[in-house]
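S.K.: Have a look at the structure that comes next, please.
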Amino acid sequence: MLRLFRFDVLETSTKDTERPNSKSSRLSSTSGSSHPSSSSRLTVRSAVPEKSAFGSIEFIFYFSVILSILTIACFKIHYVSSPKHPNYKNIEKYLKPGWLFGQKVDSADFQYSAFRENMPILLLVIIVYNFLWRLVKLVFTKNTNDELAIKNNYRLCFSLLFALLVYGTGVIYVLTIALINYLISKSLKNSIFNPLLTWTLDISVVFFKEYFAYCKFSSLHPGLGFLDQYTGILERWYVLFNITMLRLVSFNMDYYWSLKHNSEKLNTLIFDKDREPTTLTFRERVDYSCLDEDYNLKNFLTYIFYAPLYLAGPIISFNNFMSQMKYPTVSTLKYRNLLYAIRFLVCVLTMEFLLHYAYVTAISKDGNWNQYSAVESAMISFIVLFMTWLKLLIPWRLFRLWSLIDDIEPPENIVRCMCNNYSAVGFWRAWHRSFNRWLIRYIYVPLGGSNHSILNLFIIFTFVALWHDISWELFAWGWLIVLFILPERLCCFMSRRTGLTKHPYYRYISGFGAALNIYFMIICNLIGFAVGIDGIKNVLVSFFLTLKGAMSAIAAFIMFFSAVQIMFQIRVNEEEEGINLRC
């Protein structure tokens, strides 16, 4: 049972150790300071007790506080979701018949509801994909030793068919944009116009993607009108194009850097330095360039349309993807994929339980906050945020599980529970981890890294908001995160400069600041992903400007402080095991 929750179930590269003379170590030493919050790790180490203390009276008190408040929260959520509540009649329209003990299910989140309904189809596709591969392997690999080449051809063929099934003739638009990107990279090579045109084209498509709704084949030529009838499962191909855009930039930039800097090749590392391919670290697979001939059209199309990761990610760079097509990763953990599948199932069942017993999404969608007390509003908001985290986690892990079964290991998008974060930067690293790594590699470091950190953070989170969708809520979310990151970084810097980190009570001082940080992060993410700007006004007024609300805010702060002390200790235990997630 304990094996199920080991970190190497999530990611093979989590416990990779960098070799002191490797290129990855040199890159780490130069770019580590360029990371948006390399200082946050120091805060953790300084702020924690030196040995595990979960059995001490202090930590028993912390656990008691958290358990007490969570018990109250459960009763409150059960009440607001029951027919006894006065506002139940207004949220009932968002409820559908469920399968769990006669309870109705909350279907107010249309995006997750659509995924939930189509999950059996996706599972069937995964089974068919692996069955067909075994059939192809049986037929075509009898007289050849080049099994990997055949598998890569199979990946390409299936991925193109999968894209056609999903988008129908809309895949023609995606293919056209992809080929234009490929022509840019191949014609401009190491010219500065390669990245300039790549970024201009792809950001323009993301920005104006809604206009593609009005673009029909019949408007190009009446004879092409029949193509408009075959729209596929997802009629609007441009809705999920954002993920494809990241891959297009990755291919062009990796190819550009391989030529521009005459980067050392991965094959050189393996053969000239006598390295076993199975010992390659994640960083080495990303930083070392592929051979020039690997940046070809077939590999490009396989990477862009790779079926397991096509719809939602996680994001994997072209260099990493190509290296794994040639030298697959090997986990040292027995039955790793099975354990990962069990963890995925636990997440799905947790979500199902919440959807059947906590109708917080329906309450949030209804928006009638006046019907709820300050405590209830706070509990509803927190559970909405937790379910937002879960609704992203589940699709990411399903598609990543498919990829793992296919011997391609992308980064794990979420390595910590939402409730196990106290740093704004650490939270971002652990929330959409593969996207965070993409941002660092393709935006933050090229723009100068920590030399212009504040400006770069503003640019990055503006891009992230634009990438998600063009809305004031998301722009407010991005800019508020930058605003809240600045005092966190300033406090970390001043603590080290003044020697406060050596103070015996620094753990408690740091815990106080981290508890405030949690408040800020909850507010930001509620604005961006849950209740919006209008909704957050009602929550904040009821929570901070009423007597009962203020008392609840104090109780929540005590719980956050207690939780932070436990988070500190968790990270101490991880470091003792050689795990440093830097979040």
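Using N, Cα and C of the backbone, Cβ positions are placed for all residues, glycine too.
Reproduced below are the annotations present in Swiss-Prot:
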type     : residues : note
ACT_SITE : HIS468   : active site
COMPBIAS : 22-40    : compositional bias 'Low complexity'
REGION   : 15-42    : region 'Disordered'
TOPO_DOM : 1-52     : topological domain 'Extracellular'
TOPO_DOM : 74-119   : topological domain 'Cytoplasmic'
TOPO_DOM : 141-159  : topological domain 'Extracellular'
TOPO_DOM : 181-191  : topological domain 'Cytoplasmic'
TOPO_DOM : 213-298  : topological domain 'Extracellular'
TOPO_DOM : 320-343  : topological domain 'Cytoplasmic'
TOPO_DOM : 365-373  : topological domain 'Extracellular'
TOPO_DOM : 395-444  : topological domain 'Cytoplasmic'
TOPO_DOM : 487-512  : topological domain 'Cytoplasmic'
TOPO_DOM : 534-549  : topological domain 'Extracellular'
TOPO_DOM : 571-583  : topological domain 'Cytoplasmic'
TRANSMEM : 53-73    : transmembrane segment
TRANSMEM : 120-140  : transmembrane segment
TRANSMEM : 160-180  : transmembrane segment
TRANSMEM : 192-212  : transmembrane segment
TRANSMEM : 299-319  : transmembrane segment
TRANSMEM : 344-364  : transmembrane segment
TRANSMEM : 374-394  : transmembrane segment
TRANSMEM : 445-465  : transmembrane segment
TRANSMEM : 466-486  : transmembrane segment
TRANSMEM : 513-533  : transmembrane segment
TRANSMEM : 550-570  : transmembrane segment
S.K.: Please figure out which one of 160-180, 192-212, 445-465, 466-486 racks up the most CB pairs under 8 Å against the transmembrane segment (299-319).
M.R.: 160-180
S.K.: Out of 160-180, 374-394, 445-465, 513-533, 550-570, what stretch is closest in contact terms to the transmembrane segment (53-73), meaning most Cβ pairs under 8 angstroms?
M.R.: 550-570
S.K.: Using DSSP, break the topological domain 'Cytoplasmic' (487-512) down into helix, strand and coil residues and give each count.
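M.R.: With helix first, then strand, then coil, the topological domain 'Cytoplasmic' (487-512) has 21 helix, 0 strand, 5 coil.
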S.K.: Work out, from DSSP, the number of helix, strand and coil residues along the topological domain 'Cytoplasmic' (571-583).
M.R.: 6 helix, 0 strand, 7 coil
S.K.: What average pLDDT does the predicted model assign to the topological domain 'Cytoplasmic' (487-512)?
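M.R.: For the topological domain 'Cytoplasmic' (487-512), the model's average pLDDT rounds to 84.
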S.K.: Do any residues of this chain, six or more beyond the ends of the transmembrane segment (374-394), have a C-beta under 8 angstroms from a C-beta of it, and if so which?
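M.R.: Apart from its flanks, the transmembrane segment (374-394) reaches 72-73, 76-77, 79-80, 109, 111-112, 115, 344, 347-348, 350-351, 354-355, 358, 360-361, 363-364, 413-414, 417-419, 431-432, 522, 525-526, 529-531, 538-539, 542-543, 546, 548-549, 552-553, 556.
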S.K.: So which residues does the transmembrane segment (513-533) touch in its own chain, when a touch means Cβ under 8 Å and the partner is 6 or more beyond its ends?
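M.R.: That would be 364, 381-382, 384-385, 388, 421-424, 427, 465, 472-474, 476-478, 480-481, 484, 488, 491, 539-540, 556-557, 560-561, 563-564, 567.
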S.K.: Among all the protein chains here, how many other CB atoms are within 10 A of the CB of the residue listed as 'active site'?
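M.R.: I count 17 other Cβ atoms within 10 Å of it.
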